[in-house]
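Only one structure is covered here, and it is reproduced in the block below.
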Amino acid sequence: MNLIFLGAPGAGKGTQAERICKHLGIVSISTGNIIREALRNGTELGKKAKSYMDAGKLVPDEIVIDIIRERLKQDDCKNGFILDGFPRTVPQAEALDKMGVVIDKVIEIYVSDEKIMERMSGRRVCEICGASYHVEFKPPKNGVTCDYDGGKLVRRKDDEPETVKERLRVYHEQTEPLKDYYEKQGKLYIVEGQDKISDTTRYTIEVLES
Ligand code: AP5
């Protein structure tokens, strides 16, 4: 199954992608994670993307389209994938269609802006692998360090309240039009993202099995 997870910054796309991938045995592809890894490794891509990301803006379409084109060529995508955070603009969605990629369902995880602002203040990520936690809703097992590699948990630079506001503005302006785009293709499903993490997973599985 090839899926797209849409949703505002912090709606829970990454959290749900991880859970649904385990359930379906498919891979999750997050353009945000790929760019952050490039930043940590100091690559050319990381250097190009840094100023956009830090300011809460979208990285230019041609850069992320190239990332996805290359990533989807890899063997582990053959059994299916979840695109988490791509596409984010109509030109990105059109590019995906032009690549001949068939998408089965597009899931929008809905969370209000007020709730997003609250949530983001509690997010922490592992500085080594980027795994995401929440101080209240998804704490690490030992309460302090990453479950996978013991890495230190830090706040993402773009999770500062002013940057989150800008990311929300950009989301409403540039990404929300995608709902129309996929609605017209008969592929859009909306799931409630404001309940418990496990509830949103259940709603998503119900949609996938419908
Ligand atoms: P990206 O990393 O994709 O950021 P985002 O879309 O803003 O999404 P987030 O990762 O912030 O949130 P999420 O929805 O995955 O939520 P999470 O599961 O972590 O992109 C970052 C930047 O990269 C962009 O701003 C842009 O610059 C660039 N970029 C990336 N893709 C691009 C593209 N295609 N085009 C152009 N630029 C691109 O959950 C958030 C928190 O809430 C966590 O702490 C989690 O534990 C908690 N949580 C989750 N669900 C629940 C729940 N149900 N109840 C309570 N807490 C919950």
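Numbers run from 1 along the shown chain.
Yeah, the Cβs are placed from backbone N, Cα and C, and that goes for glycine too.
Automatic, uncurated: that is what TrEMBL annotation is.
ATP binding, as stated in TrEMBL, involves GLY10, ALA11, GLY12, LYS13, GLY14, THR15, SER132, TYR133, ASP195; the candidate among ARG36, ARG123 given for that site is ARG123. Given the ranges 30-59, 90-119, the record in TrEMBL names 30-59 as region 'NMP'. Counting only same-chain residues 6+ beyond the ends of the region 'LID' (122-159), those with a CB under 8 A from a CB of the stretch are 10, 14-15, 33, 36-37, 53-54, 56, 167, 196-197.
Not one of the binding-site residues listed as CYS126, CYS146, ASP149, ARG156 brings a Cβ under 6 Å of any atom of ligand 1. Of all the binding-site residues in the list GLY10, GLY14, CYS126, the shortest Cα-Cα distance to PHE86 (AMP binding site) is found for GLY14. A straight line from the CA of LYS57 (AMP binding site) to the CA of CYS126 (Zn(2+) binding site) spans 22 Å. If you measure from the Cα atom of ARG88 (AMP binding site) to that of GLY10 (ATP binding site), you get 14 Å.
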